[in-house]
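Peer 1: Take a look at the following structure, please.
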Amino acid sequence: MSNQKLNCSTSNPCGRNGYCEKNEHGEYYCSCIFWWSGQICNELTNSGIQVIILGCLLGLLIGVYYGLIIYRMTTRKTQQKKDKQNYKFSIGIKFNIHRSFYVFISLILIIASSGLIIKWFMIQSIHNIIVDQYRHNLSLFYKPHGICQVINYRKTNLIMFPMSCLLIFIFAFEYKRILFGAKQYSDCYFLPVPIDFFTNINRTFVAVTFAIAANELLEIANEAFSDTYSFNNGIVLVYLQQIFKVLLMGFRYYPILAAVCIDSKLSLLLGTFYSWIELPMTILEQGLCQPRYYENAQKINDTYLNFLFEYYGTGSFLLIIDLLTDIPRYACLSYIIIELSRRIGKKFLYEIKTDYLTQEEKVLLNALQVNSVEMMYLRNLFQSNKRVVKSNQWIYEWRNDFRFSSRILCLYSLIFLFLYFFLIQVCVQVLPYMIELQQFIQNSINSFRGNQSIHSIPVLVRPFLLAVLIGSSIVVIQLLLLLVSIRRNLFQVYRGDQSEIPRRNRSNYKTYAIGNFHFAGYLIAYVLWGLVLIISFLFILLVFIDIVITFSLFYIIELILKHLIPVLLIAYFKVYLNKFLARFAFLQDDGDVLAINNRRILMIFLYFNFFLDAFLGLFSSVGRLLKSVMGGIFYMCRLDYSPLGRKLESWDDGFNAYCGFIHTECTHRHPILLLFTAYLLDMNKKKSKPIAITNPLAISIDVTSKNEEEIRKRRRRIIQKWQMIVFLIRNPLFVFYRKAYFKQFHFVENHLAQWRNNVQVTQMMLRRLNSV
């Protein structure tokens, strides 16, 4: 309401419930917020009073609901403490750090630091040349060193390719020799397997090796999607070139992995020699031939470098960022060099020649060890449910009966380093363009308002960096939750639980195999795309919040909340009322049993609720749409989550890849299967050994009576039956695969066949059903 007596030049007579504004006639008036009214915004409207009452009722209902829950939980816990004793056992593993570990870390730091210092001096000279050209307004490029024409062809290192092919050829003969020593004769020469993804040996070494490829994979993807890349030869040929680079990258690290997998003196010696050549070649390639931010004469991009120099200056900032980016890669290469050198030294000094066994046989027979993962899983099957494994981790709980396969560790190491490289490159390369984006938005607003804009667009750098920080944290948390989900789903599939993963179907075996092929690549792409979506969403949200604060657009937020708060209060009041009635009025034992209580009152309630929920369903449908969009954005990097729902999850390629991976892992890494196979292999190896009896008198014959032997057999049968009962209780799905079940099922089917078409029996059953 307007009032000529109001004067807002000295004070605000509207108080905190309104704003003092001028109308078209120059008169002051109070613009009230939310549900306030009156001349000076000191009176509540009827809507405001009703909203306050509804909010108080909702708070009271929530307090009573959760108060009753807490009271029942506390009383139940005290009763359980009196009746039962809670058993706990600790993991009992102590991690002792030896002196050799510090020596190992020191050598890695020395080699990695030396490589980074050498690269610094190489890039420093190129940086000085580019800066001098920038100051004289010349084309920004450098002339590559003469050695680059030998080791680098179109940004591809072709020197290591023939060397790796030669080592692979030698390793094939070495693997053939090992098979011949293990009496596994074959006329063919097989390529050595670089890594067995279904095992959990050499996981750290393999994960570190895969982490090195993250930077190269990012550069290949950047070249494939770059606008400056030439498509004159055809888009298909360009993508084939990128695929060829990926294959070359695989061949480059193939000998290192194969050397560890074969684990012979010759393979480790050649692998160590190859790794000592790989580090200098990497330093020369990145320091002289392929600097990260500078281009040679074959590919000049003055605009890009001008943007970087205008924003970051001509100092050493780009050099420092380049070295920070390469720290993980040089550390991983140093680890590989030291680890291979340590293994070859241990091989020559401490190895005792034993029976010839292949690497696969050694891995399989390792399951028979007392403290192996498979043996601990089998032992925990027969433990009491009162025993609970406790650890100090609140995000991830360590278990002694599970180890992730090498594939998971390789994938996660590559993803984390890929995110590290990607975030650094995004922050360095996108920040200079934020100024242009800010100027473009400001010019658009000025042209729309006719150059009368009194407010300037807030700086976009701060929201972008905050969005990158929050988005990367969300993706890391989602990856950790995915790691927990993989273990939980594997345990579920081990015991036949299909509550989360669809049941394995024979007609979908090809789909599982194809999904297993795509699992690693899909997860990398989904994580990258999920990170981009989350950063984009958060950036838009933070910029909107910044604009609202800068332009004082609070009246828009107030208008939205004024219409939204009553709807939310009514909806949540109905939700908590339903929860309260469902738990404490219409279900027995406070909701612990799905059995109806107060049946007549429930029927009356359902009758009236039938019409009421038709209106609430409209708001629920809008919330369903918003939740699906938000869930699809924030859960994009989770392959175990399908935004399409349970009925349409088969249309989701990412979820199909995850299911294929889980079923394949269960089929080839089931602990019971591995133990049984290892036991058969061990028995076969023992039978194949020749037994020489030098002294017949040394053989002692244990004579037992017939009754004692029968007692032992009866005890063994009783123990086996009890173990079978415990196993079937913990794994109920295996009941349907027993012979006794099938025999009983067929007996019942044959017995009831004669009663199926009997009219009298049918009428008798109908009378009994009607009388219930």
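Glycine is treated like the rest: Cβ placed from N, Cα and C.
Pulled these features from TrEMBL for this protein:
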- 4-42: domain 'EGF-like' (DOMAIN)
- CYS32-CYS41: disulfide bond (DISULFID)
- 49-71: transmembrane segment (TRANSMEM)
- 101-122: transmembrane segment (TRANSMEM)
- 158-175: transmembrane segment (TRANSMEM)
- 409-435: transmembrane segment (TRANSMEM)
- 464-486: transmembrane segment (TRANSMEM)
- 511-529: transmembrane segment (TRANSMEM)
- 535-557: transmembrane segment (TRANSMEM)
- 564-581: transmembrane segment (TRANSMEM)
- 601-626: transmembrane segment (TRANSMEM)
Peer 1: Quick one: mean pLDDT on the domain 'EGF-like' (4-42)?
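Peer 2: A mean pLDDT of 69 is what the predicted model shows over the domain 'EGF-like' (4-42).
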Peer 1: Have a look around CYS41 (disulfide bond) and count the other CB atoms within 10 A of its CB, chains all included.
Peer 2: 22
Peer 1: Could you give the residue numbers and ranges of same-chain residues that sit at least 6 residues beyond the transmembrane segment (49-71) on either side and whose C-beta is under 8 angstroms from one of its C-beta atoms?
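Peer 2: Residues packing against the transmembrane segment (49-71) from afar: 35, 565-566, 569-570, 572-573, 576-577, 579-580, 583-584.
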Peer 1: What residues in the same chain, six or more past the boundaries of the transmembrane segment (158-175), come closer than 8 Å to it by Cβ-Cβ distance?
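Peer 2: Distal contacts: 150-152, 189-192, 248, 251-252, 254-255, 258-259, 262, 264, 266-267, 270-271, 274, 277-278, 281.
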Peer 1: By the DSSP assignment reduced to helix, strand and coil, which category contains CYS41 (disulfide bond)?
Peer 2: coil
Peer 1: So which of 409-435, 464-486, 511-529, 564-581 is most in touch with the transmembrane segment (535-557), counting Cβ pairs under 8 Å?
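Peer 2: Result: 464-486.
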Peer 1: For CYS32 (disulfide bond), what residues in its own chain, 6 or more apart in sequence, show a Cβ-Cβ distance under 8 Å?
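Peer 2: Same-chain residues close to CYS32 (disulfide bond) (Cβ under 8 Å, separated by 6 or more) are CYS14, ASN17, GLY18, GLY38, CYS41.
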Peer 1: For the transmembrane segment (511-529), could you work out the same-chain residues 6 or more beyond its ends whose Cβ comes under 8 Å from its Cβ atoms?
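Peer 2: That would be 407, 410-411, 414-415, 418-419, 422, 475, 479, 504, 636-639, 653-654, 656-661, 663-664.
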